[in-house]
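Features of the protein shown, as given by TrEMBL:
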- B:LYS81: active site, charge relay system (ACT_SITE)
- B:SER171: active site, charge relay system (ACT_SITE)
- B:SER195: active site, acyl-ester intermediate (ACT_SITE)
- B:28-484: domain 'Amidase' (DOMAIN)
Amino acid sequence: MSVDSNTVKRVARLSRIALSDDEVPHLQSELNAMLAFVEQLNEVDVTGIEPMTSVIPMALKKRRDVVTAGGEAGKITANAPASDDHFFLVPKVVE
Amino acid sequence: MSGANDLTALTIAEAREGLAAKSFTAHELTSAYLAAIEKARVLNAYVIETPEKALAMAAESDRRLASGNARPLEGIPLGIKDLFCTEGVRSTACSNILGGFIPPYESTVTSQLWRDGAVMLGKLNCDEFAMGSSNETSAFGPVVNPWRRTGSNVGTNAGTLEGTALVPGGSSGGSAAAVAARLCAGATATDTGGSIRQPAAFTGTVGIKPTYGRCSRWGIVAFASSLDQAGPIARDVRDAAIMLRSMAGNDERDSTAVDTPVPDYEKALSGEVRGLTIGIPKEYRLDGMAPEIEALWQQGIAWLKEAGAKIVDISLPHTKYALPAYYIVAPAEASSNLARYDGVRYGLREQGGDITGMYEKTRARGFGKEVRRRIMIGTYVLSAGYYDAYYVKAQKIRTLIKRDFDLAFAAGVDAVLTPATPSSAFGIGEKGSADPVEMYLNDIFTVTVNMAGLPGIAIPAGLDAKGLPLALQLIGRPFAEETLFRCGDVIERAAGRFTPPAWWTP
């Protein structure tokens, strides 16, 4: 399988990565090189094989349903590029 | 002067002994490393140095040593890969998108090292988000390997320059270079497809990727969560064993961290491999593989045999599919993990009109080329209509890769011996500029281990014709790190240790 330039632009959009038109051809050839490389997996018969879900067979751990952290709004927003009174600021999303 | 410098030549085990015997203080040991770091900036191994913190921690160690309350790593100066979050100390995963990020918390692994008395020297360079095999994708620029090809004088001011500066491997390139150049006694590292073992191989150091779940991933910047594991890079097998004991252990905050006791790994170094069965997988013998890699492998087999191990030929038939399957699974998980970098909660923000424009511009500017490419491949293989053809298929192949190992272990194999890398260190800028797959092939021998969740160790075993270190890899059963240390120790005793001459000191 290989991707065309429209697919590259669509994937960039899905990835939320801005892409200029002149970056498309190079990226297209790199993505196609990777897809060509993984093509060899088609040689493998995987009929009846379960997909891997956990390399170490173990039951998912559970913890007690109690509050373990909180009251740290100052710490949580400390690294925000824009914040006000412990709220994250973003461009307007609702008119 | 020379006395202080000599302290950086000590292994962790030797330094521990010297500190206990009061031959020198933790302050003297830390100061020797801080001086060495200052003189080695040309290597670009550290992205941030924390001398005040180091000296404060060393002072506490000296108090503990004086009062007879020394902890297991008391006063041992370590470097920390920049992928580990360290409270109050900038942690960026060597990406512009985390530019000024100062974590308000400490990763579990590093907190356990400080609990045990270790001293933090600073944060070490790595590939951006640990995506790379050469340390060239770092936002802080490449790391220079302390090893040079025979005859090369690159990096010095001595007349005509000969040769090229070499990469230290990646992604834990700063960790490996710093350990090899004696800029720390040991370093933390992480391994998703070979990022501990390949740089260890390129620098003549020992690196172990433990079993998936042995070390907590909490507080480590995530790349591919089902493959990522932390481990040490150290000067020798004993030091790696000492470090892993402190790094490993269960953690309530990582649901995949495994609740089994952490053994005293040092006790495994008995020099005894009699009764162990070592498997030699024929699929690791590649067409066109350098004859010196094959010779090194045969030498490793001979050493283990001489020490009494039983050698058997085995087959791991799905080996060749591990790397292509990895380049579906790892980017898919990365595209999901890296969705969090959106310019809202931390790191870089670029203005872009509406909120989607802000996301898109922030991520285009903040992520480097390799990271953008992997996010896009991951997004593609997870997108509607392709999920089953790529992602589910790759996860099924992963089941087959693990089954290959399970069958070998069930047939009595205790550990598998392979080469660690298909070549020695290459030059900065030499690989992967036209075709990304050329760079990915570096991990061909290491990536199977992550896909199967097994422990793997790289042990320096010789020098190639260019005078550069080469390593062997041992792969073990789940949680059989002790077997790897035991066999690695036997190889190390036979091969000796490898140290580059300190050409970078002005």
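Each residue, glycine too, has its Cβ placed from N, Cα and C.
Overlay of TrEMBL feature records on the structure.
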residue: B:LYS81; record: active site, charge relay system; DSSP (3 states): strand
residue: B:SER171; record: active site, charge relay system; DSSP (3 states): coil
residue: B:SER195; record: active site, acyl-ester intermediate; DSSP (3 states): coil
Under 8 Å by Cβ from B:SER171 (active site, charge relay system), counting only residues of that chain that are 6 or more apart: B:CYS126, B:ASP127, B:ALA130, B:MET131, B:GLY132, B:SER133, B:ASN135, B:THR190, B:THR192, B:SER195, B:PRO199
Does anything in the same chain, at least 6 positions from B:LYS81 (active site, charge relay system), have a Cβ under 8 Å from its Cβ, and if so what? B:LYS123, B:LEU124, B:CYS126, B:SER172, B:GLY174, B:SER175, B:ALA187, B:THR188, B:ALA189, B:THR190
If you draw a 10 Å sphere on the Cβ of B:SER195 (active site, acyl-ester intermediate), how many other Cβ atoms land inside? 37
